[in-house]
Amino acid sequence: MKILLLLLGSLCLSVNGLPFSDEPSKTWVVLCAGWKGYHLGGYSIQANVYHAYQVIHAQGIPDENIIVMHYDDLAYNELNPTPGIVVHKVNGTDVYKGMKSRNFLGVLKGDPELVKKGKRLVNSGPNDNVFVYFVDHGSPNVVSFPVGYIYGEDLVFALKDMQQNNRFSKLVFYLEACESGSMFRILPNDLNIYAVSSSNATELSWECNWDESRKVYLGGYFANSWLDDCEHRDLQQESLQEQFDHMKKQLDIPGSDPKREPYPQHPVQYGDLSISKGS
Ligand SMILES: *[C@@H]1O[C@H](CO)[C@@H](O)[C@H](O)[C@H]1NC(C)=O
Ligand SMILES: *[C@@H]1O[C@H](CO)[C@@H](O)[C@H](O)[C@H]1NC(C)=O
């Protein structure tokens, strides 16, 4: 299975779909920035998600199938020297462009009004493929929001619940956070779920792309490496395994950062690894 096919809801994946459904296979993409604010340790989180949106949008996934969860307090923050523009690299292009601002802030906060309306984030069925990129601050077995936490058990329980409710054919989850490996420790390998953590269970994940004029880091090492790979390789040819191998190699060397000495980090694979290899 090639990543583009995964992203586009490919034929080869829909063959594995359940026979009783006539629905064509779709791909749903969820991009979630779990933290907010224009500051060190904040900017890069939303910028990662915006750049991911640009890359995925460029691959032809319809906007109605791309769900972006973000606080949306960066582009028009009073501290932003370029109102309405967010960059992911120094002197980089605007990655905020075309972002549809929807009310997912409410969902992140567990807005009771939205819950009451029964608003579903991902309206996927058994033939569909789901890709999730989630970036946040983390600690062992937890990722945190400005209000509340998600524990590793909760995350795996939610994924199991989706699987039991036939909400996907295959699901791929990229998680970028400190100690993110700890979140997937109990993920079974028989749920058609393949997960990648940006660092192992006991190490930090780092930001990069220091911007001297903005005084913030613009990106995460993991997102930087992943999206660079997407933009510079032929995604129709590259498997998720090859992408992982590439990121692993790239993240194992310290970045060049004038402000501090960054350390290598080690992404880890979890779940059903056959998905990464293309079966
Ligand atoms: C960004 O642009 C400034 C001004 O043109 C230039 O001095 C600087 O070297 C550039 N930095 C990078 C990393 O491209
Ligand atoms: C996690 O990474 C750290 C270094 O960053 C290393 O010392 C440790 O052995 C790694 N743990 C595993 C389980 O690979």
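The chain as shown is numbered from 1 upward.
Yeah, the Cβs are placed from backbone N, Cα and C, and that goes for glycine too.
In TrEMBL this protein carries:
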{"type": "ACT_SITE", "residues": "HIS137", "note": "active site"}
{"type": "ACT_SITE", "residues": "CYS178", "note": "active site, nucleophile"}
{"type": "COMPBIAS", "residues": "246-263", "note": "compositional bias 'Basic and acidic residues'"}
{"type": "REGION", "residues": "246-279", "note": "region 'Disordered'"}
{"type": "SIGNAL", "residues": "1-17", "note": "signal peptide"}
Cα-to-Cα gap, the residue listed as 'active site, nucleophile' vs the residue listed as 'active site', nearest whole Å: 6
Helix, strand or coil at the residue listed as 'active site' [DSSP, three-state]: strand
For CYS178 (active site, nucleophile), the number of other Cβ atoms found within 10 Å of its own Cβ: 20
DSSP-derived structure type at CYS178 (active site, nucleophile), helix or strand or else coil: coil
